[in-house]
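Asker: Please see the structure below; I have some questions.
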Amino acid sequence: MLSQKSIQIIKSTVPLLEKYGVEITSLFYKNMFEAQPQFLNIFNHSNQRNQKQPVALANTILQSAIHIEKLNEINLMPIVHKHVALGITPEMYPIVGAHLLGAMKTVMQDEATPEIMAAWTEAYRAVAQAFMDAEEDLYFETEEQIGGWKDTREFVVDRIEEETPLIKSFYFKAYDGKEIATYIPGQYITVKITLPGDGVDVPTDKMRTYVRHYSLSDKPNDEYYRISIKKELGKNTPNGIVSNHFHNNIKVGDVVPMSVPAGDFVVNNDSETPILLICGGVGINPLFSMLKETLVQQPDRKINFIFSTHCESSQPFKEELKQLEDDYKETGNLKINLVYSENQGHINKEIIEKYSTQHVDQAEIAETDVYICGPVPFMMQVNKDLLQLGFHKENVHYELFGPLTPVLEENQMLRGVKNIIEN
């Protein structure tokens with residue numbers, strides 16, 4: 001727990017963080033990568049170039065200062081899971097802290113008084129210790145589970161299926177032939193790919209390890225992991241390095257190192273309330289896993305699945321969705337609604353109202369479990385529309401691909417105020 005004096009001092013720095021936040025975090029990353037180049041193998045540098053990462057971290061620090069007295073209420077687990085997937089160790093925290101606090105002092109200069117620096121040092125140590133304790137527990141849990149492991153394990157590509165012109169599904173089996181860990185629908189695996197530098201962050205004559213998280217897109221099973229990767233083609237930006245490598249170069253028989261499944265954006269199959277799954281684009285992946293597993297575990301549960309994409313040719317899992325619709329037609333509990341923006345326009349309040357209330361009454365709306373995944377503007381609009389329609393904000397859950405940024409309202413945003421090391 002922080003002292004009351006430190007809490008008051010940190011709150012007093014909010015105007016400074018509003019003024020200097022992104023400058024601080026940009027300098028932090030620059031200095032840390034120069035001094036610790038091995039960290040280049042942990043962080044996604046495209047998020048550095050487009051400023052998503054510095055902006056996200058600056059917002060995290062700002063929100064931490066605003067809500068500093070509520071730090072013990074913050075859910076650390078989304079970032080704890082990500083840290084375990086990345087292999088973050090306790091030895092890294094002092095390094096990160098030194099560079100972060102050093103950047104604060106450099107940017108704020110005389111405004112960073114000894115009292116302010118002492119308070120932020122105390123706060124960083126408290127947050128770092130909370131992360132280290134939680135990560136130690138999760139490392140043990142994931143390694144000791146049946147089929148579990150620590151760090152990375154080699155998996156071989158068993159088959160590849162083209163879902164759309166830009167999305168391919170890759171099926172992985174354990175290279176050693178041993179059991180694999182199960183997972184909860186909504187979780188992701190983390191792949192580590194070593195490639196020549198991109199010529200921007202790393203020279204082309206040097207190798208670099210790229211780390212990416214990919215949501216598992218099938219229901220849990222004991223044979224394989226499936227991830228469905230969209231080929232990211234940049235618009236006035238470079239193409240996605242790892243996604244293009246998978247599409248252009250990875251073939252059946254190739255071996256890929258990966259971390260154990262992780263993530264806390266997971267479906268609650270202990271609840272019997274209706275479930276609403278709303279996804280856009282490649283955000284379908286974790287929600288499709290949730291859909292398939294919920295149908296197996298809770299065939300009598302009311303499920304509404306809404307998927308928005310540009311057109312029919314950009315829709316993955318066509319045959320699987322059709323088969324699910326046919327298999328559960330008689331129960332009347334499953335509703336699948338496809339929204340093609342090419343014809344219907346982007347998803348909006350009217351569309352959500354039309355489809356989300358198909359087989360639930362007004363009383364059930366307030367208790368419906370909602371899961372959202374897709375582009376940030378999509379999720380912000382969907383969340384706003386859902387709240388206006390009477391869905392309860394405590395029941396709205398979301399997954400963000402990339403650095404954590406606030407998607408929902410302030411009290412929900414506290415879920416995102418959690419990281420010092422962020423991928």
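Placement of Cβ uses the backbone N, Cα and C atoms for every residue, glycine included.
From Swiss-Prot, for reference:
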- Tyr93: active site, charge relay system (ACT_SITE)
- Glu135: active site, charge relay system (ACT_SITE)
- His83: heme b binding site (BINDING)
- Tyr188, Arg212, His213, Tyr214, Ser215, Leu400, Phe401, Gly402, Pro403: FAD binding site (BINDING)
- Gly281, Val282, Gly283, Ile284, Asn285, Pro286: NADP(+) binding site (BINDING)
- 150-268: domain 'FAD-binding FR-type' (DOMAIN)
- 149-423: region 'Reductase' (REGION)
- Tyr29: site 'Involved in heme-bound ligand stabilization and O-O bond activation' (SITE)
- Lys82: site 'Influences the redox potential of the prosthetic heme and FAD groups' (SITE)
- Glu399: site 'Influences the redox potential of the prosthetic heme and FAD groups' (SITE)
Asker: Which of the recorded positions listed here (His213, Ser215, Glu399) have a Cα atom within 10 Å of the Cα of Gly283 (NADP(+) binding site)?
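Answerer: So far as Cα distances go, the recorded positions lying within 10 Å of Gly283 (NADP(+) binding site) are Ser215, Glu399.
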Asker: Listed recorded positions are Tyr29, Lys82, Tyr93, Gly281, Asn285, Glu399; which of them have CA atoms within 10 A of the CA of His213 (FAD binding site)?
Answerer: Lys82
Asker: Quick one: which residues besides Gly281, Val282, Gly283, Ile284, Asn285, Pro286 have a Cβ within 8 Å of the NADP(+) site's Cβ centroid, in sequence order?
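Answerer: Along the chain, the qualifying residues are Ser215, Ser217, Ser228, Cys279, Gly280, Leu287, Phe288, Cys373, Gly374.
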Asker: Of all the binding-site residues here, His83, His213, which one's CB has the most other CB atoms within 10 A?
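Answerer: By the 10 Å Cβ neighbour count, His83 comes out on top.
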Asker: So which one is it: of the binding-site residues Ser215, Asn285, which has the fewest other Cβ atoms within 10 Å?
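Answerer: Among the binding-site residues Ser215, Asn285, the lowest count of other Cβ atoms within 10 Å belongs to Ser215.
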Asker: How many whole Å apart are the CA atoms of Asn285 (NADP(+) binding site) and Tyr188 (FAD binding site)?
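Answerer: Between the Cα atoms of Asn285 (NADP(+) binding site) and Tyr188 (FAD binding site), the distance comes to 10 Å.
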Asker: I want to verify one value. Collapsing DSSP to three states, which class is Tyr188 (FAD binding site)?
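Answerer: SS state of Tyr188 (FAD binding site) = strand.
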Asker: Taking DSSP as the reference, which of helix, strand or coil describes Asn285 (NADP(+) binding site)?
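Answerer: In three-state terms, Asn285 (NADP(+) binding site) counts as helix.
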Asker: Which number gives the other C-beta atoms within 10 angstroms of the C-beta of Glu135 (active site, charge relay system), all protein chains shown included?
Answerer: 20
